[in-house]
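Now, the feature entries from TrEMBL:
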TRANSMEM  266-288  transmembrane segment
DOMAIN    302-372  domain 'PAS'
DOMAIN    376-428  domain 'PAC'
DOMAIN    460-598  domain 'GGDEF'
DOMAIN    607-861  domain 'EAL'
Amino acid sequence: MDVAVTLCKLLNRHAVVPVLLLLCATVACPVTAQTTLRVGVYENTPKIFLDGDGRIGGMFGELLTEIAQREAWQIEPVPCQWNECLQMLESGTLDIMPDVAYIPERAQRFDFHRNEALLSWSQLYERDGLGLFSLLDLDGLRLAVLRGSIQQRYLMELAENFDLAVEWVWVDSLAAAFQAVASGLSDAAVANHFYGDMMAFEHGLQRTPIMFQPSRLYFAVPAGRHADLLAVIDTYLDQWKTDESSPYYDLLRRWSIEPDAALPVVVWWLIGILALALLGATLFAILLRFKVAEKTQSLTASETRLNTILNSVDAHIYIKDYKLRYQYANRKVCDFFGMSLDDIVGKKDSDFFDEKTCALLEQNDLQVIRHGERVADEEASILVRNQQQHDFLSIKIPLRNPDNSIYALCGISTDISELKQIRDQLHQLAFFDSLTGLPNRRLVLDRLDHAMAGRNKTGYEGALLFLDLDDFKVINDTLGHDAGDQLLQMFARRLERGLLSTDTVGRLGADEFVLIVEDIAVNAEDSLVRVRDMADILRRQLNQPFDLAGVDYVCAVSIGIAMFSDAKDGDVEALLKAADLALNAAKTEGNSVCFFNPEMQIEVTRRTRIETALRKALAGDNLDLHLQPQVDAEGRVFSMEALLRWHDPQMGQVAPSDFIPVAETCGLIVPLGEWVLATACEMLADWKKDPVLSTLTLAVNISPRQFHHADFVDHILKCLERNQVDGARLELEVTEGLLIENVDVTVEKMDRLRERGIRFSLDDFGTGYASLGYLKRLPLSQLKIDQSFVRDLLLDPNDEAIVRTILALGSSLDLRVLAEGVETLALAERLREMGCQYFQGYYFSRPQPESYWRGQWPSPLAGSTAELHSQR
């Protein structure tokens, strides 16, 4: 029989007997003979209810009654609604409550036993003809939900996350939920599948393919009470569950849903834990079953459609014959084995898994094939081809011939490896190396994985450094293993010095150590330089002698570096290999530092060359200041901005965008800024002799690091005094970045300089962090609109709105506002129409040497300003 028909007939024949059990809890109150138990009872047929004689019934009720009879307990049923029952249990009015799903929030209010009693899941039931296919179809509908149930929180969070407009109809019982749908007060209702499958027909409701929240069900007691009661329940469950003839299995068989009473649920149970795509696929399979039953001539087309569905779901679905040979496997199984369907058919588990895995799988499979049992179990599987372990939650059911004989089994397995790893890791204590106390490989890999995930969110570069002690074996061979262990311990302590809280240092094994550096910089070039400098410092520190029992030992260290960006798509294994390759190259060179990417090494070399040449330029005569005019609306030049330029004999003209970042990362930005200030003051002193230049202000850019330098204010005052320059002729342009660092200190420095007449301009305004509160506190005289807003002013309404806002803000704070990056007449005219009175940009002039401007007066900008005036 072909696959589609087999699966469809399977779906039409079988139902689930969920057999999952109870959790542990500690209890303080003993249970003795003649104990009277007040048992909360709410209507949830067939699990719990009160019969016509007022006795507790249902699967949970009769299970408790069976135990009570053997223990001579007296049961006092206490009828209540669900939410009321939970409140009474928490207050101690009830001694025990059956049919309670375990969730962490309830574990804080109640105690549960160890062995779960039953497995259930939630199902949606709809009025006739509604046609719900997924939870997303609830948008705009009314949904009846039991108040205080686990479905309440789950569905409300889902509706909020997917922005679904669900009208909630809160009820106090499941019967009320179904009545609300039947009476037209609600479009659909939520219930556990036991109650729903039994009562849907009675209320004229239809079951939908929408399943969610598989739950383990228990007896619950008030927190801190009745520990002995729970222990007794666990004792009986432990005994009865191993005996198929026990009262436990008798009750399950008695209360299980008949095959013709509802659609099969074994596949529903598994598919209920899959993604939305799986839910839709399962619905289509059920519809396909009816189509096959009604129209046998379309078997071939139906098989093709079913295979398409089975290949699209995120679960491993397969069929094995009576000899446990694979007869069918969906695409997920084929991908898992790395083989085609044709290659899989006819093979056994021993062709794919190790011996231990095969023994477990065979045990479960034989229970299905020989005894016709439905098996739900966690299965740990180790593939032979890669020795990787995968953990599955598997459901296996028998496939029967028309004469009810078993000819095969169908398995549906969901990979729960990741969830199980998380659970297992919570119980692991061995995260640190016993010798050095550093994180071991496992913790290092975990942190590396998190670090790379963090980079994807923040955009900050990170690095992985592998460190190796050259010739470590010599220590073990000459001084002994104790000395080698001592060296490793001292090496680890020295390696930990100076690390940031976000850095991780660990030991991978033997003499190999690792360092994870996070959040280095957004800019790749800056990151490379900083990592290189860190590695050089580390190597110098680690190369210092170690005292081994009175003997100084110098330990040569090789360091291999891989940047996070070296690993495509955040592949941790690829990053580890890259760092290892870099370490091998470093060891080959001997006691050196090597980057994984040769291009990165080239970039580091380039920046090192720039740094070396820049240091020489500071000491020589290769730096110069070019001046760019700042003009008012009348075209008059009122100030000049001094811009640093560098011409190197070997490299030629070096752009500021190339050497300024290098200066910032290598510590040259402060001496570079001091050179600019000193040169600017000398220039102002020379301007005093010129009747035009002496009226101009000279603006100088100040970096945040330079501003926060301890000698910043004194250096400026000394420059003014040395050149006998009026401070009113000097304007300092600062960025928004320094305004959020030590605001009080910033204000104090600015006030000291303002007392000498120096004015401050806020550069690149609108791109940083300045707030109105900061602007009001700082002694500013000018705001400069960043050119990124000016560039597209004529095209982007957002930029125009930002410019208008800055102009209005400047006016309200009585600050001059200057627009940077004015490159065309149209921009200049538009800015003037918007109320801007001060401009700077290529339209007026590019930066030129001072000598150029001396020959341009008295009308250096005659062409551009005349053009501007002609537009008025």
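Every residue, even glycine, has its Cβ placed from backbone N, Cα and C.
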Point to revise | Segment proximity, the domain 'EAL' (607-861) to the domain 'GGDEF' (460-598), 3 or more C-beta pairs under 8 Å | key: yes
Review point. Along the domain 'EAL' (607-861), what average pLDDT does this model show?
Key: 91
Check your understanding: Which numbers of helix, strand and coil residues does DSSP report for the domain 'PAC' (376-428)?
Key -> 9 helix, 30 strand, 14 coil
Study note, to complete from the structure: the domain 'PAS' (302-372) resolves under DSSP into 42 helix, 11 strand, 18 coil
